[in-house]
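Asker: A single structure is presented below for examination.
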Amino acid sequence: MDEKKLFLTALKKKFEVEDPDEKYTNFYCFGGWEQSARKKEFTEYAKKAAEKRGGIPFYNPDIGVPLGQRKLMAYRVSGTDAYVEGDDLHFVNNAAIQQMVDDIKRTVIVGMDTAHAVLEKRLGVEVTPETINEYMEAINHALPGGAVVQEHMVEVHPGLVEDCYAKIFTGDDNLADELDKRILIDINKEFPEEQAEQLKSYIGNRTYQVNRVPTIVVRTCDGGTVSRWSAMQIGMSFISAYKLCAGEAAIADFSYAAKHADVIEMGTIMPARRARGPNEPGGVAFGTFADIVQASRVSDDPAKISLEVIAGAAALYDQVWLGSYMSGGVGFTQYATAAYTDDILDDFVYYGMEYVDDKYGICGTKPTMDVVRDISTEVTLYSLEQYEEYPTLLEDHFGGSQRAAVAAAAAGCSTAFATGNSNAGINGWYLSQILHKEAHSRLGFYGYDLQDQCGASNSLSIRSDEGLIHELRGPNYPNYAMNVGHQPEYAGIAQAPHAARGDAFCTNPLIKVAFADKDLSFDFTSPRKSIAAGALREFMPEGERDLIIPAGK
């Protein structure tokens, strides 16, 4: 047994009495569902709830397939020391995953330069660092639900919306020096020097505000509400800070800029058959999510950076988007957790990165099909060999599509590390799927590999939608729409080449800066750590309603 393998520690703890390489096992001797402390807790609560609601049947683990035929495994959240029950990784049971999704949905970036130009050129009002600071005070009063323009307006209790605020950033160091440090996202402080210079060169002298609408708003409404909530308060705050007349024609220009012209949302609107507005998970492009995750500003390890992106994306795309918005139910959690538990994908990715570093060097070769074929084949075969050598690893990833996703993710990321090219990376993924199917005759459920069979022809063509570069693809990209066990890994492959090159951002420098924000309760520098805290019930979410409900309820 090779003790260097990253997943062995987790396997030994998960299965306890069975060695990871043991070829024979037992069934129905582990205590059934009662071996799980969480399922016992569920059962106790369900009995009380059933009585309270007049005997209407409720949760009963004895219904359906017998639970606990084998070990009900704990899961080690990769990159941490936390062992958690699988149930606690379901997004409904995990406050951190909920908050991550909420933080994305409730964020909107709005350019300030159009509004400043209207003030100066149409209204003859001077804009200075002092007036900008005054405006930022006004928006931080109005955005959570405070009134600024007229009397007899109802307001929101601040205790319900403590998480709501607006911040500002700019690529102009001179302006940044004069802005209120309480509301400034300081690029020079939050990013390594080289990354900061790269970001400032892209942003230039432009100025942007980042508005975090209250969590409770996106819980009650949806992501499409966010730009509207933001725009209304922006208009009111400009009127207040610059002493404008609410009815004059120039106010329409503020409204247009705040609602449309200068708005950067986290996700695009979905088509009618998916019926979701902007800022919903299905519209978040893979490169956008890679920029939302902040691992690249605190680590220079391409593997770790990519793995953190995959973990967060697993929760967003597989658990919440496909698993609930598009499907509903509980089963998609297991697809997602395969990519961020027990250090299995970590082992495969680090193996691939070491192979690449030894043979080519990081970003050391051109993106050719020969390179794709070599790296993808090597990493895929290594991954499949581990499943054959360690039966408990195979049991951990009990579904064929789990194994296919993890092996292909490692192949794709490794190819991207070598080439610094996401298109080469995604073709490494596609080849891995084909090799895997050749070896095992099938992958996962029927149609799992539909998109992988046609992937190379799409990604190597120039077409209006199928030929889209990988970073700009997302859950709504043709053929990517429904098959679980793909989208999180695609986000990691979008990140991998940029992590290898040391880029400051993947797709959008504004989004990268917007989430370099220490006041967010979800830690986007380390999604796995936050998800683990949520599973351990150690994560405190925003948007709670204790202030307005009866005590003790």
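In case you wondered, yes, glycine gets a Cβ from its N, Cα and C as well.
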Asker: Can you match one of ARG228, ARG297 to the coenzyme B site that Swiss-Prot gives for LYS259, HIS260, ARG273?
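Answerer: Candidate listed by Swiss-Prot for the same site: ARG228.
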Asker: Highest Cβ count within 10 Å among the binding-site residues ARG228, ARG273: which residue is it?
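Answerer: Sorting the candidates by Cβ neighbours within 10 Å, the top entry is ARG228.
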Asker: Using the structure shown, find which entry in TYR335, TYR446 (the binding-site residues) has the sparsest Cβ neighbourhood within 10 Å.
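Answerer: Each of the binding-site residues TYR335, TYR446 was scored; lowest Cβ tally within 10 Å is TYR446.
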Asker: According to DSSP, collapsed to three classes, what secondary structure does TYR446 (coenzyme M binding site) have?
Answerer: coil
Asker: For the C-alpha pair, I'd like the distance in angstrom between ARG274 (5-methylarginine) and LYS259 (coenzyme B binding site), rounded off.
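Answerer: Rounded to the nearest whole number, the Cα-Cα distance is 23 Å.
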Asker: Give me the count of other Cβ atoms within 10 A of the Cβ belonging to LYS259 (coenzyme B binding site).
Answerer: 17
Asker: Given the coenzyme B binding site residues ARG228, LYS259, HIS260, ARG273 in the record, what is the largest Cα to Cα distance, rounded to whole Å?
Answerer: 25
Asker: Note down the number of other Cβ atoms within 10 Å of the Cβ of HIS260 (coenzyme B binding site), including every protein chain shown.
Answerer: 10
Asker: Are any of ARG273, TYR335, GLY447, ASP452 (the recorded positions) within 10 Å of GLN402 (2-methylglutamine) when you go C-alpha to C-alpha, and if so which?
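Answerer: So the list reads TYR335.
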